[in-house]
Amino acid sequence: MIGELATWYLFLAGAGAGALLVTAVLEALTPFEVRCCEAVGPADAAVRNGFARIASRIAMPAAPRAPFPQFFGPAYGVGLIAVVVGALCLLADLGRPDRLLRLLFAPTLSFISVGVWLLMALGLCAGLLCAVWVFGAARIPRGLVAAVRIGCALCAVAVMTYTGLLLASIQAVPFWHSAWLPLLFVASDISTGIGLVVAAVVLCGGDGPFRTTLLRIKQWDAAAIVIEAICLALLLLSAYFQGTTARESATMLLSGSVAPQFWIMVVATGLVFPFLAERLGRLGSQRMMLSVSAALLISCFFLRWCVVQVGMAPDVAAAVMVALGAG
């Protein structure tokens, strides 16, 4: 049902969308006058008040102000790269070029079709924002940039939610067919997105001027980890009340063949270690920041891998076939 490439798509697209959402929110929270400088000409200066003044400011080009390109450039860039690679994994999983053409030129409301268009929209928005901060595209009106930033944030939320809904829509797998799965993936994607942003900024040398910002968003990550842990617990708890098949999947996750990866790679690496490091204030060095970011990335992938595996295991598949009357 779900191949290896699809698992990589769930990981990369979700993590990239999380990074883009975090970056767009941080940009919106930074006052415009602090992060950009307007290109004011004589005609612009003559407009003094009223609606004309507002319209002039919206249409006015603006250039990024140093040192903010060192932060927003890598942050948007890493999110864009992750989303693009995730989209390539999804397209490769389709197997045939004619399927892609059908999705593009004869779109339907299927989950795959909606997912492809969401990824395209997110990629376009992120590409423009990345160009603004990396290449300093000062001729783009600030109003357009603001609209694209809002579109980027909305598309990022949609992509993160979609990656969970893609599995939750498969009713044949009761463990996946839960309202808690999309919420779990969204919380995990936001947490991993924060890790991606921090890693990108640190590796590109922008952590010096933005050290306080990086430490602050790591506190956001601690809250995201708590929400992720709660959603994971509720997903497992609800599985025990969904019937034999879902209970079998939950048992396999907790004490079965997938348990080592779940407890070590997901719980210990992605929940316990980052939370303790962030809450105990152990993020003073670049090495620790990168270690926490790497742990979040590893956990994000293995969470999806574990969820996919327990839904496709032979025992669970047999139970599904029996439930469908094919056993």
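Backbone N, Cα and C atoms are what each Cβ position is placed from, and that goes for glycine too.
Counting same-chain residues at least six beyond the ends of the transmembrane segment (6-26), those with a Cβ under 8 angstroms from any Cβ of the stretch are 71-72, 75-76, 78-87, 89-90, 93, 119, 122, 125-126, 129, 149-150, 152-153, 155-157, 159-160, 163, 166-167, 185, 188-194, 196-197, 200, 213, 217, 220, 297, 300-301, 304-305, 308. What TrEMBL lists as transmembrane segment is 6-26 (among others).
Positions annotated as transmembrane segment by TrEMBL: 75-94 (among others).
According to TrEMBL, the transmembrane segment annotation covers 114-135 (among others). Beyond the transmembrane segment (114-135), the same-chain residues lying 6 or more positions past its ends with a Cβ under 8 Å from any Cβ of the stretch are 13, 17, 20, 23-24, 27, 64, 68-69, 72-73, 76-77, 79-80, 83-84, 86-87, 90-91, 100, 103-104, 107, 145, 148-149, 151-152, 155-156, 158-159, 162, 166.
Within the chain carrying the transmembrane segment (147-170), a Cβ under 8 angstroms from the stretch's Cβ atoms is held by residues 1-2, 9-10, 13-14, 17-18, 20-21, 24-25, 27-28, 79, 83, 111, 114-115, 118-119, 121-122, 125-126, 128-129, 176-179, 181-186, 189-190, 307-308, 311, all 6 or more beyond its ends. Residues annotated as transmembrane segment in TrEMBL: 147-170 (among others).
According to TrEMBL, the transmembrane segment annotation covers 190-210 (among others). Long-range contacts of the transmembrane segment (190-210) within its own chain (CB-CB distance under 8 A, at least 6 residues past either end) are made by residues 14-23, 26, 67, 70-71, 73-75, 77-79, 82, 160, 217-218, 220-221, 224-225, 228, 270, 274, 286, 289-290, 292-297, 299-300.
For 222-241 (among others), the entry in TrEMBL reads transmembrane segment. Residues 174-175, 178, 180-181, 183-184, 187-188, 190-191, 194, 247, 249-250, 253-254, 270-271, 274-275, 278-279 of the same chain lie 6+ residues outside the transmembrane segment (222-241) yet bring a C-beta within less than 8 angstroms of a C-beta in it.
The feature transmembrane segment is assigned by TrEMBL to 261-277 (among others).
Counting residues 6+ beyond its ends, the transmembrane segment (289-312) has Cβ neighbours under 8 Å at 1-2, 6-8, 10-11, 14-15, 167, 170, 173, 175-176, 181, 184-185, 188-189, 191-192, 194-196, 198-199, 202-203, 207, 214, 218, 221, 249-250, 252-253, 256, 258, 261-262, 265-266, 269-271, 273-274, 277-278, 283 in the same chain. Residues or ranges marked as transmembrane segment by TrEMBL: 289-312 (among others).
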What same-chain residues lie close to the transmembrane segment (75-94): Cβ under 8 Å, and 6 or more beyond its ends?
-> 3, 5-6, 8-9, 11-20, 22-23, 26, 100, 103, 112, 115-116, 119-120, 122-123, 126-127, 129-130, 133-134, 156, 159, 193, 196-197, 199-201
